[in-house]
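Annotated in TrEMBL:
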type    : residues : note
DOMAIN  : 7-123    : domain 'Response regulatory'
MOD_RES : 56       : 4-aspartylphosphate
């Protein structure tokens, strides 16, 4: 049985705060993710779907509200709990945070007990269904968007938000592939995916058993989107 562990994302540019929160919460069994920018934080949110985001609103060269705006745009803020952590105790900052609909506002500095009680109080009702894999289960089907970044008669490299292991067979559904008459079952992951940025991976997929006519067409192709 595989059980999803509760993930907490800490978005703060203060390394000491990150270390403190990471140490406290990992001792309580949480999986703690760390980020210092809103761009990286959004990638981690999409990849891990955290049960709670602890967000500092005053980051280096940007405001944490930028992340809230991005989450609103992706319809994520009503699905993922966010709790503000900040040394700014002004009424204006607190009111603006509330307008976004965050779970609350915790003023720095805070101690272990306050941190843990805040997390427990805002993560308890934010559960995701447990995923159970049978011991003999060999296939799992998912659909994800991807981009073809390199293409030749032997292989295709794709960039996506999923990390693949080697020897997996995959199907690519696209008008581009259909025009080339590439059979769906003739694609196998050549080597394990390579990390590009947090939540984004490049994967080389081997093309197997393609007719010569199709290979000739492939040689003329450069970069196309799936």
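Any Cβ shown, glycine's included, is placed from N, Cα and C.
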CB within-chain contacts under 8 A for residue 56 (4-aspartylphosphate), separation at least 6: 11, 12, 13, 14, 17, 64, 84, 85, 86
Confidence over the domain 'Response regulatory' (7-123), expressed as mean pLDDT on the 0 to 100 scale, is 92
